[in-house]
Amino acid sequence: MRIAMIGGGYVGLVSGACFAEFGLHVAVVETNPDRLSALREGRIPIYEPGLDVLVENNARAGRLTFGDDIAQAVAGAEAVFIAVGTPPRNGDGAADLQYVHAAARQIAQALTGYAVIVTKSTVPVGSSRRIAEIIRATRPDLDFDVASNPEFLREGSAIDDCMRPDRVIIGLDQKQPERARRAEAVMQRVYEPLKKIDAPLVFTGLETAELTKYASNSFLAMKISFINEMADLCEKLGANVQELACGMGMDERIGSRFLNPGPGYGGSCFPKDTLALSRIAQEAQSGCRLVETTVQVNEARKAAMAGRIIAACGGSVNNKTVAVLGLTFKPETDDMRESASIPILHRLAEAGARLQAYDPVGMDAAKPLLPPETTYCENALDAAQGADVLVVLTEWEQFRSISPEALAQRMQNKIIVDLRNIFDPAVMRASGFSYLSVGRP
Ligand code: NAD
Ligand code: UDX
């Protein structure tokens, strides 16, 4: 079976490579010339564990190709996936659909026979129907169907998420049952390999599929904001948020995942998707106060964390050296989009701090986004050299094993603000540190 993937970014590249691993022939179309030449030369433009080997193996087997010629890519494709960006539109938080609509027009012009046009990008409710309108207007003669197939992969574990998903959501135009059946048959074949591992395929309407993606991301974001507020409360009341989360999570109705407090969620999805869902609800004149509040709580969280670091230094970081461990929005990625490190470090720089930062893979991506005077270090211990305070912003595994003695030897003042709770408070205090974490006594 042949498919085409429009967009070779995070989602297009990872899911395209995973489809190829399932045995499909996948033609990825990418318009960014730097990204395309990297992919053609076997260089992977993003850091995602295991992706290099997966891409190399499937490209070598002839199942995965990269190009900018859409007509060539869609020739013979039974499904054409749209996996282009949907960033927030300037000003109002709604998703900017210009890339999706442009892709729809290009696909319509290029197709020569029947195909299902599948939206993998995260798009507002109604977008799949709008895509169908665009295609009909561009090519009234074309026989096609649309489907909505939102992607739920997480950066850092994206391959596993695609190869072994909790579920695959597929929205079809249920107002036209004949067409829906035809498109379903194609989607069943695309996801055939997942049936062997009993991954559930959930068929639903277009609107439900589109909304399921926003609702899932917003719910997870809300869960994180909830535990962040509980962490604050624990601090006030002398309780321990880690034990609280453990106790809550044992209730299967709640679940233990996504109950880790931190400096506020970031990334390419939660911030934009919570904003977009608020906007979708506003336009539908439906209440969405929990999600709107989640957005506000998360914004306030990042500002509060900068304040916490300043307070830990006695109320001022002016002319003080702040060692920063971790810059990316989460570990195992080089993605800096909406990372909490960005507002926090800008606030510290404005307050006169000297920043010495280290991140295992994110420093190149971080440089254009962080205060220009930031010094980038070779490793965590170099970042700690002469520091007045050490701040943990991303919980990279390698930071957990840093020896407190080695830190103590290098730092000028032994203060740690651990915003990811990676160290043991008792061990840190026994090593003479003034140690602050999140929601733990
Ligand atoms: P991205 O910016 O990394 O990639 C999009 C790519 O599409 C870019 O490389 C761009 O050059 C290319 N592109 C744009 N228009 C094109 C066109 N007409 N033809 C060919 N290529 C084109 O974005 P992403 O992170 O992969 O996200 C894509 C979509 O998936 C978004 O809607 C996002 O919300 C959603 N999503 C992202 C993630 C994630 O973790 N990144 C997870 C789930 C869903
Ligand atoms: C998210 C969704 O999980 C995924 O299903 C969707 O397809 C894309 O958006 P991703 O952005 O890659 O994935 O990362 P995720 O692991 O969800 O983390 C997002 C943010 O929340 C990170 O900044 C992370 O540090 C934060 N987070 C996550 C917490 O602060 N606490 C937690 O318990 C979990």
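Any Cβ shown, glycine's included, is placed from N, Cα and C.
TrEMBL labels come from automatic prediction, so no person has curated them.
If you take the C-beta of Lys272 (NAD(+) binding site) and look for same-chain residues 6 or more apart in sequence within under 8 angstroms, you find Thr86, Pro87, Pro88, Gly93, Ala95, Glu338. DSSP gives Lys272 (NAD(+) binding site) a helix state. According to TrEMBL, the feature NAD(+) binding site maps to Arg35, Thr86, Thr122, Glu155, Lys272, Arg337.
The Cβ of Phe152 (substrate binding site) has 17 neighbouring Cβ atoms from other residues within 10 Å, across all protein chains displayed. Sequence annotations record features per position, and here TrEMBL assigns substrate binding site to Phe152, Leu153, Arg154, Glu155, Lys213, Phe258, Leu259, Asn260, Pro261, Gly262, Gly266, Lys330.
Among the features that TrEMBL reports, active site, nucleophile is placed at Cys269.
According to TrEMBL, the feature domain 'UDP-glucose/GDP-mannose dehydrogenase C-terminal' maps to 323-425. Per-residue pLDDT, averaged along the domain 'UDP-glucose/GDP-mannose dehydrogenase C-terminal' (323-425), amounts to 98 for this model.
Proximity to ligand 2 at the level of Cβ atoms, with a cut-off under 6 angstroms, picks out Phe152 from the binding-site residues Phe152, Lys213, Arg337.
Comparing Cα positions, Lys213 (substrate binding site) lies closest to Thr122 out of the recorded positions Thr122, Glu155, Cys269, Arg337. Among the binding-site residues Arg35, Thr86, Leu259, Pro261, residues whose Cβ is positioned under 6 Å from ligand 1 are identified as Arg35, Thr86. Sequence-distant contacts of Glu155 (NAD(+) binding site), defined by Cβ-Cβ distance under 8 angstroms and a gap of at least six in the same chain, are Tyr10, Glu48, Gly267, Ser268, Lys330, Glu332, Thr333, Asp335. Between the C-alpha atoms of Arg337 (NAD(+) binding site) and Arg154 (substrate binding site), the distance comes to 14 Å. Looking at Lys213, Arg337, the binding-site residues in this record, the fewest other C-beta atoms within 10 angstroms of the C-beta turn up around Arg337.
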